Amino acid sequence: MEELIKEYIDLKIEDAFNFEEYNKILITCHSTRIEGSTITFEEADELIRNGFTPGGKPIDFSLAVLDHYKALEFILGRAKEKYTFSIEFIQEIAAKVMKSTGGIYNNALGVVDVSKGDLRNTSVRAGSAVFMNHQKVKPALKDLVDTINDELPRQDSIEDKLKLTFYAHYELVNIHPFLDGNGRTSRLVMNFLQKQYDLPLSTIFSEDKPDYYKALNSVERDEKFDKYYAFMFDQYRKKLQTEINKVKNIDLGDKKRGFRR
């Protein structure tokens, strides 16, 4: 992994073309597609850069893409500032992710506004998975935040740093603190922590969604992280190798013009 990252850095991939913008659109496209969007990279590119909404697709898909892109910009900015990781920050991310598509839910215990990043006040399930009681959510978030803040400066190797970011992602999915937007928020938290370490950002590829869910579910089933970490490192390698191969195939003229998919 360290050799692959070194090759990635030595190739100056992030300087070879308009990589930062491309990368934000790529991450946004895949993260929203995992949650059901059918917007392609090319459509997301046109939507974000030029404001062209793809025809024949639900407007909520476009809104989700735009909100995720803005949330990604937000967390990258905060990471550069070495912003402190906190429960409130997680809620800020969730609010930005769900700004345009989050609903308001009323129940016997009160009102939850998903678009404001409110923590859930009821039980939730996703498929066959049932998540922790809502009364345990805030203490679990505090434990996660304390663990990450304690461990963040202690990780020395690239592998250990990445493992910590993958751990944060899993635990936030497992806590499932919101009524909607948990997956996108958890992946953004992972990217935030990676940026804190000045590491290339992970992309979970939407075409690998079934294996992604299997990897997440394996932790509870097997009571260990081995298969989950293996999948996450595979995704990380896939992202780096894809970009390395792409840059090697771009001639100087393409670099000067700016890369476009």
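The backbone N, Cα and C atoms fix where each Cβ goes, and this holds for glycine too.
TrEMBL labels come from automatic prediction, so no person has curated them.
Annotation comment: TrEMBL describes Glu35 as site 'Important for autoinhibition of adenylyltransferase activity'. Per TrEMBL, the feature domain 'Fido' maps to 85-234. According to TrEMBL, the active site annotation covers His176. According to TrEMBL, the ATP binding site annotation covers Asp180, Gly181, Asn182, Gly183, Arg184, Thr185, Ser186, Arg187, Tyr212, Tyr213.
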Note = For Arg184 (ATP binding site), the number of neighbouring Cβ atoms whose distance to its own Cβ is within 10 Å equals 25
Message = I'm trying to understand the geometry here, so how far is the Cα atom of His176 (active site) from the Cα atom of Asn182 (ATP binding site), in Å to the nearest whole number?
response = 6
Key: Cβ-Cβ distance under 8 Å to Asp180 (ATP binding site), same chain, at least six residues away   = Met98, Thr101, Gly102, Gly103, Val114
Key: Cα separation, Glu35 (site 'Important for autoinhibition of adenylyltransferase activity') to Asn182 (ATP binding site) (Å, whole number)   = 10
Remark   = Of the binding-site residues listed (Asn182, Ser186), the greatest number of other CB atoms within 10 A surrounds the CB of Ser186
Key: DSSP residue counts for the domain 'Fido' (85-234), split into helix, strand and coil   = 94 helix, 12 strand, 44 coil
Inquiry  = Return only the integer: C-alpha distance in Å from Tyr212 (ATP binding site) to Glu35 (site 'Important for autoinhibition of adenylyltransferase activity').
reply    = 12
Remark   = Note: among recorded positions His176, Tyr212, least Cβ-dense neighbourhood at 10 Å is Tyr212
Three-state secondary structure, which DSSP defines for Glu35 (site 'Important for autoinhibition of adenylyltransferase activity') = coil
Key: Maximum Cα-Cα separation in Å among residues Asp180, Gly181, Asn182, Gly183, Arg184, Thr185, Ser186, Arg187, Tyr212, Tyr213, which the record lists as binding ATP   = 18
Remark   = For the domain 'Fido' (85-234), the averaged pLDDT of the predicted model is 96
